[in-house]
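J.: First, the structure itself, so that you have it in front of you.
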Amino acid sequence: MVQPVFDAAVLSGRADIPSQFIWPEGESPTPDAAEELHVPLIDIGGMLSGDPRATAEVTRLVGEACERHGFFQVVNHGIDAELLADAHRCVDAFFTMPLPEKQRALRRPGESCGYASSFTGRFASKLPWKETLSFRSCPSDPALVVDYIVATLGEDHRRLGEVYARYCSEMSRLSLEIMEVLGESLGVGRAHYRRFFEGNDSIMRLNYYPPCQRPMETLGTGPHCDPTSLTILHQDNVGGLQVHTEGRWRSIRPRADAFVVNIGDTFMALSNGRYKSCLHRAVVNSKVPRKSLAFFLCPEMDKVVAPPGTLVDAANPRAYPDFTWRSLLDFTQKHYRADMKTLEVFSSWIVQQQQGQLLPPLASH
């Protein structure tokens, strides 16, 4: 087993940081990025209770946000506060375990699930200052999360699996509600995207960003657009999420009662480019660890990603070729490091494959 470079218990107190984690000038954080981005704070309680007027207002606000930068926050979402607290406690419980215990769930090369403490092996520079634990969640297999946690970490961690099984079930429910709003706002009807994602094969990720004594030299997560469809993020109270909009980086302030929602590349393709996936990153600090819970809604692996015909016409031709989520996921895990151009490069890669052209090496990305 290759030992990862990143051992939080050792590195978080060091005055210097290994060169693999140093980001070049121009990509590393700057003090002026602390300016707050005021994304819409959308109360979806009325919509969830079936109020037509509230639903129309939510639809309008979500549509405006998605055409601008693809980020918004939701409150009165129906997620139990105690479940949220349990989910955050379980993040602490896992990431404060000794490294050898966490490595029982070590992510294998080319896979998207498991424990990762750096991307060493695939990449040798601009490494993220974070640890993650990722696992699949499918409504059609309610035991999937618990079975994975017990199989990798042991029976002692069954409760952790049960907490995240409940959390993922609630995230899937909320995702489908948001998909109804997205469909309505795009004029394709509330049912279109909900049906597409009802059998979702999604990814749950626990993020842990340890303190760093040189926070202006590294990043917790580098600039990227999510290749998935929809991200529902719950931050702790530390802060660190930044979005690139109007030519500069700006921060989204954490709210305990809110989820941050953003559009991913796959949904950008499903909307024929109408709704945007936006560049974002995570910064770290020198004082305290930061935690976040990220649910990435994804379609079933072999479902064909294509926009509804009503979003395609002479004035709005197809922006991206057909693809499956499996092909995009494999692309990001084996060939390309997700960034701001993932969907563009992936689309060109698909066209080259279809034309039988020799594919260029992508390992440098």
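Using the three backbone atoms N, Cα and C, a Cβ is placed for every residue, glycine included.
What you are looking at is a predicted structure, and each value in this text was computed from that prediction instead of being measured.
Taken from Swiss-Prot, the feature active site covers Arg290. Annotated Fe cation binding site per Swiss-Prot: His224, Asp226, His280, in sequence order, evidence recorded as sequence analysis. The domain 'Fe2OG dioxygenase' annotation in Swiss-Prot covers 199-299.
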J.: DSSP-wise, what's the residue breakdown of the domain 'Fe2OG dioxygenase' (199-299) into helix, strand and coil?
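T.: The breakdown for the domain 'Fe2OG dioxygenase' (199-299) reads 6 helix, 43 strand, 52 coil.
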J.: Does Asp226 (Fe cation binding site) have same-chain partners at least 6 apart in sequence with Cβ under 8 Å from its own Cβ, and which are they?
T.: Asn262, Gly264, Asp265, Ser277, Phe296, Ala338
J.: Of His224, Arg290, which of the recorded positions has the most Cβ neighbours inside 10 Å?
T.: Arg290
J.: Can you tell me how many other Cβ atoms are located within 10 Å of the Cβ belonging to His280 (Fe cation binding site)?
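T.: Within a 10 Å radius of the Cβ of His280 (Fe cation binding site) lie 27 other Cβ atoms.
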J.: Could you measure between His280 (Fe cation binding site) and Arg290 (active site) for me? Cα positions, answer in whole angstrom.
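T.: Rounded to a whole number, the Cα-Cα distance is 16 Å.
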J.: Measuring Cα to Cα, how far is Arg290 (active site) from His224 (Fe cation binding site) in Å?
T.: 19
J.: Beyond His224, Asp226, His280, what residues of that chain have CB atoms within 8 A of the centre of the Fe cation site's CB atoms?
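T.: Result: Thr221, Pro223, Cys225, Thr231, Asn262, Gly264, Ser277, Cys278, Leu279, Arg281, Ala338.
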